[in-house]
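Report on the following structure.
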Amino acid sequence: MTTVRIPADWPTTEAQARAVQDELRTRVELSEPGPAPGTGTVTGVDVAYDDERDVVVAAAVVLDGASLEVVEEATAVGRVSFPYVPGLLAFRELPAVLAALEGLTAAPGLVVCDGYGRAHPRRFGLASHLGVLTGLPTIGVAKNPFTFTYEEPGARRGSTSPLVDVEAGGEEVGCAVRTRDGVKPVFVSVGHRVALGTAVAHVLQLAPRYRLPESTRLADALCRRALREAAG
DNA sequence: GCGACAG
DNA sequence: ATCTTGTCGC
């Protein structure tokens, strides 16, 4: 378990945070197809909080992209770096996520984040931000449509429909993906160095049985367990 | 001004 | 995210 280090220049105000996003968003790479599903490694990252005690724990779980077996796990503990503000989630989660990733020996490969990438008010969600800071290919998988709109995908697993930003004139920012028959879809968007089609294929490949990708299920379970053992 | 709003 | 028991269903 490594320790989270919050950079001295980490934003303190919402205005500063938005300025950082506007600066870094220019570095997002959207023209690469990304790693082929079923190849290499895939890493799930997630964060758990104990706001009472100001404690945060992040987990990174590396999976074999083909078998989905766990290759390596790492966790990090630290203090909360920013309050939760819709649109600024990265400033709350990234220091811990970066510390967890640094604790890994294996190459992360594609990183799967909880939340969004391009599907963001300024097109620079958590997944895009992590991608720019690490240079790794990243995607975002969220459980809710945030402020966006979507048509219900077909009832069968594998059905998809566009995730649209109505405010921005109907721009497509991601995809609603049905990972299980008749179950609420997940919301996928590109982070960095991955195409949307590739991202969707990865999500389906990572979720053969449950609604959420194995990568996020495992990372979620790990950071919660580590939080209990570190604080509660 | 008010409400909604990833985790 | 987190607070929380049982319960319906495959």
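Along the chain as shown, the residues are counted starting at 1.
Backbone N, Cα and C atoms are what each Cβ position is placed from, and that goes for glycine too.
Automated prediction, rather than curation, is the source of TrEMBL annotations.
As annotated by TrEMBL, Mg(2+) binding site applies to A:ASP46, A:ASP114. Secondary structure from DSSP puts A:ASP114 (Mg(2+) binding site) in a beta strand. The Cβ of A:ASP114 (Mg(2+) binding site) lies under 8 Å from the Cβ of A:VAL45, A:ASP46, A:VAL47, A:LEU126, A:GLY140, A:VAL141, A:ALA142, A:THR216, A:ALA219, A:ASP220, each of which sits 6+ residues away along the same chain.
The site 'Interaction with target DNA' annotation in TrEMBL covers A:TYR84. Sequence-distant neighbours of A:TYR84 (site 'Interaction with target DNA') (same chain, 6+ residues apart, CB-CB distance under 8 A): A:ARG92.
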* Asked: Which number gives the other C-beta atoms within 10 angstroms of the C-beta of A:ASP46 (Mg(2+) binding site), all protein chains shown included?
  -> 27
